[in-house]
Amino acid sequence: MSALHIAIIVPFLFALVIPLLYNKVPKIHTGWFVLILPTILFGYLLSFIPTISSGETVVKQFAWVPSLGINFDVHLDGLALLFGLLITGIGALVVLYSVFYLTKKGEALHNFYFYLLMFMGAMLGVVLSGNLMVLYVFWELTSLSSSLLIGYWHHREKSRYGAQKSMLITVTGGFAMLAGFSLLYVMTGSFTITEIIGQADVVASSALFIPAMLLILMGAFTKSAQFPFHIWLPDAMEAPTPVSAYLHSATMVKMGIYLVARVSPIFSGAPEWFWIVSGVGLFTLFWGSFNAVRQTDLKSILAYSTISQLGMIMSMLGVGSAAAYYGYEGGYTAATIAAIFHLINHSTFKGSLFMVAGIVDHETGTRDIRKLGGLMTFMPITFTIAIIGAFSMAGVYPFNGFLSKEMFLESMVHALHITDFNMQTFGMLFPVIAWVASVFTFIYSMILVFKTFTGKYQADKLDKKPHEAPIGMLLPPIVLASLVVLFGFFPNILSHSIIEPAVQAIYPTSLTGIDHFDIHIYAWHGFDSPALWMTISIIAVGLILYLTLSKWQKIYQFLRLHKKDPINYIYDGILDKLVSGSAKVTNLQMTGLLRDYFVYMNIFLIGLAFYTLYHFDSFGVDTTNVAPIPLYVWIIVGVVAAAAIAVPFINNRVASIISVGFVGFLVSLFYVLFRAPDLALTQLLVETVTTALFLLCFYHLPELRKEKFKPTFKWINVIISVGVGAMVTTMALSAMSFGNKKPFEAISQYFIDNAHDLAGGDNVVNIILVDFRGMDTMLEILVLGIAALGVVTLIKLRMNGKEDV
Amino acid sequence: MSNFLTLPILLPMFIGTILIFFAKKHKLQRVIAGFSALSLLGVAIYLGYIVYTDPSQIITLEIGDWPAPFGIVLVADMFATMMVILSSIVGVVCLFFAFKTIHSDREKFYFYPFYFYLLTGVNGAFLTGDMFNLFVFFEVMLISSYVLIVHGGTGYQLRESFKYVVMNMVASAFFLVALAYLYATTGTLNMADLAERVQVLEQEGILNGIAILFLFVFGAKGALFPLYFWLPKSYYGPPAAISALFGGLLTKVGIYAIIRVFTLIFVHNTEFTHTIILILAGGTMFFGVLGAVSQFDFKRILSYHIISQVGYMVMGLGVYTPLALAGAIYYIAHHIIVKSALFLFAGATQKITGTTELKKMGGLLKTHPWLGWLFFISAMSLAGIPPLSGFFSKFALILAAVQKESYYIVVVALVVGILTLFSMMKIFMYAFWGEPKISQDKVNRKEMFALLRPIIPLVVLTICLGFFAEPIFQYSLGVSEQILDPANYVNAVLGK
């Protein structure tokens, strides 16, 4: 246990105290207490910057379940530190924001902050863990807390739907990831990330390489809302806006990117990895931006925008993986550097935009851009923040988004240099998709700002009169917006301290080639830079398309995208079919009829038993020890059989009882013949009593109904009955013949030998019953006693089922 | 040799009998029953302790001093004592829950005697080292369960428990038939002796058929696919305390017997037998969870989940590696605790809302936050969300299956995990989220706490089983290594 371990655990412990604070100190908004923690943690993590940026890694170990290879090892490197700072830094801002966003009255604040702290701890756990399984544990906890936060206003139908959707999709991905990690364990014998990376060549040459990769990517893609798993994110917007800002844009959805970056030393270099990561990323980038334009809800626009931006970062990591193939001088590392830089930038501008959306919602009562407009005069500060955030997102100078967008475009163009992986054929798609998606990004960024803050103010459509938000709510987005500007002008304050160590964590083997990545980010690349011309054309085309939006918006209706994302039909369809289909399957088996149950069970038994006998060739009849059968025994056998066969054909209760009794009495005759008079007496007694009892009861029952069955039904029953009989008989004969062939002395000989001397009796059966195996007898007596007591209860106790639970 | 071994069997048997005489005095019954259940737990834990610290980690007792394999022998190894401890824990919890919930009419009609007789049968089945004696203990357990499941005699109970009784009787009949075959081929009934003789016979020919017959018999008791038809509807009828006891324990006795027989006796054709077991495990998991997905009733969902989870335990046996069996054993422990807790939560919820139908409930989280969150923890544990007990047990199973390259079962296990989560979310969303649907609350704060008090230890256990997974897993691994080497058992019983 080290201080870093404690930093992960403290949020959970603090979460447990929250309900207490909420109840005991109702006067102070619980958020104020919560705020302390991320602030301290942020400061604590900041103190690691000098160590980490000098290229060191902090590793602390703690054994948790070593026999399963699960150790709670903390592994703090550049990548972990970057995420840690995002989690705590933005966490602190979001908590501050939430204090003003959620009122003390009527809100279940204890639940809210409990989930939020649980989430924070889980996130720190994910990024700081050096063990894949511990990472997984925390990963699922983030899914869980995210889901609980989405369902925070659980009286709303939509919140519940969103919560369930996010839970199902992300946990499904998580389970796939678990399988992927297990495969890695099978290949390398370890869950420790550094050890697995050390054996990357073993993994690469294994047949399980591709399955493990796909499974782990499934986890990453579901979490980071990559197409086609992105559909949970727009529905996650039902969560309170601070949550959307924190989980669903700045931190949790970046976990997939974190994971891809974390495991890329294992997988990168493989063409499959390159294509899947960059391909899925690019398509998601396009899909998200294309769909964001058609949204009318501010948060929906932001949700699709987040999807799109995540795809963008993902695609850069994909292109960056080429560096593992071509070496680190090939310039492909630039894509990874851009990915990390954009990840930071996205958190700043998207976080501020979400907070703006929250302010608008809070102050006007709606987020629908069709009702909004002209808010500029009412909330100038909010408007300024929105401008900064949106322009950064659109990639406009001088904001940080411009820089990373240029780097992105540059790296997509640079990807054309890749000569393998079939890139000659499909490579052109990279810059083309990047350009098209950027155009749409520009358009929705403009929509976001101008449809909300400019245009005509529609007072009649709003519930309240808008005014500027309180300072506490403005402060967090102001901080983020300032960062947007700061990073825009001085990007290099990040490059050595944060970005370089993070990139080194992604290329851990690179340092054998070069000392360190010389990262220098600058805005001006000269007139020969393709990115510059791409940016200019994006802005020009974007502006034209924004101004003519109403003319071409019909395209969404034409493509049937205007109602909901078509992937949702698949999700809803699967869920519907799942419930109705499983009901069908279940009702087919659980008919409530004993005869059906026995049909299934007996078919199974007969099939399996005969298959086994056949498989081991164990049929056998052995007649060596068989005594001669006199004629009268044959006759009795015939009569017993006839009486038994007659039972199903009799339609009268009394007659069938007599027939069954007949069988019983004749069986006792067998005991007489085989010289077991005591058994014969017992059997006679039992038969007499049961037959008499049956007759007494059945006298009071109505006549049997005549039931008509189809012939097939009857024949199936006949076949099954005969089958069970045949199976029991075959097995009995085979067992006997087996026993004859390989004789063991039966334990009964001991009873015969010792009954007199040791147990003092001559009737061996009695001695067995009362002495050798007296315990069996005692328990059988108990069984009879319980049965008797049970009968009394059954007759006397009549309840209606409503008295108790 | 230790006479202490008889206590987990004799204590509940005598207490059950004594309680018959005080049937009309329900307060006195409660006092006696409560103390006895707690002392039974103490006995079980002490037995577990002496077995664990014993050099051979197996303690035997020859009943009536008749030497094995001729007389009946009781065998307490680590697996058996673990099961006895678990059954005693659930025994205590469900009993104390019953104090708070069941109607006094039931108490007058020998509810507690049946309860203790059931524990007699369950503990005996775990401890016996003799196949025929196992049959007898099964009978004790089943006859008590027949009575308990129909206790109260409502129309629904009479209809469904009739099917329960008939199907179990048929399975018992096959049990006897299988015993006869086994005796005909090997001439013995002592498990250790059987292990030796089957080994000498190299488990040839008909012995495999007999093995399959035992699989059928125990599979029917343990609710394996496709033999589980008796379970879902019959568990719905009795009061929650009984559903919880049954849901936690009864099927696990069948599973225990399967694991015992297929690690001790029939272990020489694992390619065949254990592959079949693995296939059945997949079917059990899958069809069980489909049942749960299709239901919209608290108790019914839980009943179907028993089936799907039995599949996981049997999956561990089917994979048949030390890790897999350790996972299965861990899973059994986890399941007994969590499943009982969930059934008790269903009872507590029913007490508040008067129904078990999910669509008639809503918003309980607001009115009963403790109930909601305790249920949520247990539900997530059942679904295998880390770091609760369900996760580690499932993870060990999946890891073992991956190592054995049984990928199909891994896929099934993971898909079933997701569907489990889905159906648990369903309960949570319908019952605990949303708008409150009941106008007046039948249970006040104090009563609520009294209801939850017996369940809380189970929830604490599922959390501890997760956080302190290492010692638990070490123990499971110890159990699994012990039972995977039949020589341990044989030597301890036959004294070689």
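Glycine is no exception: its Cβ is also placed from the backbone N, Cα and C atoms.
Automatic prediction, not curation, is the source of TrEMBL annotations.
Residues or ranges marked as transmembrane segment in TrEMBL: B:6-24 (among others).
Residues annotated as transmembrane segment in TrEMBL: B:31-52 (among others).
Listed by sequence, the residues of this chain that lie at least six past the ends of the transmembrane segment (B:72-97) yet keep a Cβ under 8 A from its Cβ atoms are 5-6, 8-9, 33-34, 37-38, 40-41, 43-45, 47-48, 51-52, 57-64, 66, 112, 115, 119, 122-123, 126-130, 133, 190-192, 240-242, 244-245, 248-249, 252, 256, 259-260, 329, 332-333, 336-337, 340-341, 344, 347, 451, 453-455, 457-458, 461, 475, 478-479, 482-483, 488-489, 492-493. Taken from TrEMBL, the feature transmembrane segment applies to B:72-97 (among others).
Taken from TrEMBL, the feature domain 'NADH:quinone oxidoreductase/Mrp antiporter transmembrane' applies to B:129-419.
Sequence annotations record features per position, and here TrEMBL assigns transmembrane segment to B:134-153 (among others).
Residues annotated as transmembrane segment in TrEMBL: B:206-231 (among others).
Sequence annotations record features per position, and here TrEMBL assigns transmembrane segment to B:243-266 (among others).
Look at TrEMBL and you will find B:272-294 (among others) tagged as transmembrane segment. Under 8 Å from some Cβ of the transmembrane segment (B:272-294) lie the Cβ atoms of residues 208, 211-212, 215, 219, 223-226, 228, 232, 258, 262, 266, 301-302, 304-312, 314-315, 317-320, 406, 408-409, 412-413, 415-416, 419-420, 422-423, all in the same chain and six or more residues away from its ends.
Residues or ranges marked as transmembrane segment by TrEMBL: B:301-323 (among others). Nonlocal intrachain contacts for the transmembrane segment (B:301-323), taken as residues 6+ away from its ends with a CB within less than 8 angstroms of a stretch CB, comprise 222-225, 228, 231-233, 235-236, 243, 247, 251-252, 255, 258-259, 262-263, 270, 274-275, 277-289, 291-292, 295, 329, 331-332, 335, 339, 342-343, 346, 382, 393-394, 396-397, 399-401, 403-404, 406, 409, 413, 416, 420, 423, 426-427, 477, 480-481, 484.
Annotation source TrEMBL lists transmembrane segment at B:329-349 (among others). Long-range neighbours of the transmembrane segment (B:329-349) within the same chain, counting only residues 6 or more positions beyond its ends whose Cβ lies under 8 Å from a Cβ of the stretch, are 79, 82-83, 86-87, 89-90, 93-94, 97, 101, 239-241, 243-245, 247-249, 252, 255-256, 298-299, 302, 305-306, 309, 312-313, 316, 356, 361, 364, 371, 374-375, 378-379, 381-382, 389-390, 392-394, 396-397, 431, 448, 451-452, 454-455, 458-459, 461-462, 465, 472-473, 476, 479-480.
Residues annotated as transmembrane segment in TrEMBL: B:370-388 (among others). Using a Cβ-Cβ cut-off under 8 Å and counting only residues 6 or more beyond its ends in the same chain, the transmembrane segment (B:370-388) has close neighbours at 305, 309, 334, 338-339, 341-342, 345, 348-349, 352, 364, 394-395, 417, 420-421, 424-425, 427-428, 432, 448-449, 452, 455-456, 458-459, 462-463, 465-467, 469.
Taken from TrEMBL, the feature transmembrane segment applies to B:408-429 (among others).
Long-range contacts of the transmembrane segment (B:450-469) within its own chain (CB-CB distance under 8 A, at least 6 residues past either end) are made by residues 89, 93-94, 96-97, 100-101, 330, 333-334, 337-338, 340-341, 344-345, 347-348, 351, 370-371, 374, 377-378, 381, 386-392, 443. Here TrEMBL flags B:450-469 (among others) as transmembrane segment.
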**Request:** Would you kindly list the residues that approach the transmembrane segment (B:134-153) from elsewhere in its chain, counting only those six or more residues past its ends and only Cβ-Cβ distances under 8 Å?
**Result:** 106, 109, 111, 114-115, 117-118, 120-122, 124-125, 128, 161, 164-165, 168, 172, 175-176, 179, 221, 234-235, 237-239, 242, 245-246, 250, 253, 257
**Complete:** Tertiary contacts of the transmembrane segment (B:31-52), defined by C-beta under 8 angstroms and 6+ residue spacing from its ends, are 2, 4-5, 7-8, 11-12, 15, 18-19, 22, 58-59, 76-78, 81-82, 84-85, 87-89, 91-92, 95-96, 99, 112, 115-116, 119, 123
**Complete:** Same-chain residues at least 6 beyond the ends of the transmembrane segment (B:243-266) with CB under 8 Å of its CB atoms are 79, 83, 86-87, 90-91, 93-94, 97, 115, 118, 122, 125-126, 134, 138, 141, 145, 148-149, 191-192, 194-195, 198, 203, 207-208, 211, 214-215, 218-224, 231, 235-236, 273-274, 277, 299, 302-303, 306, 310, 313-314, 317, 325, 328, 332, 335-337, 339-344, 346-347, 483-484, 486, 489
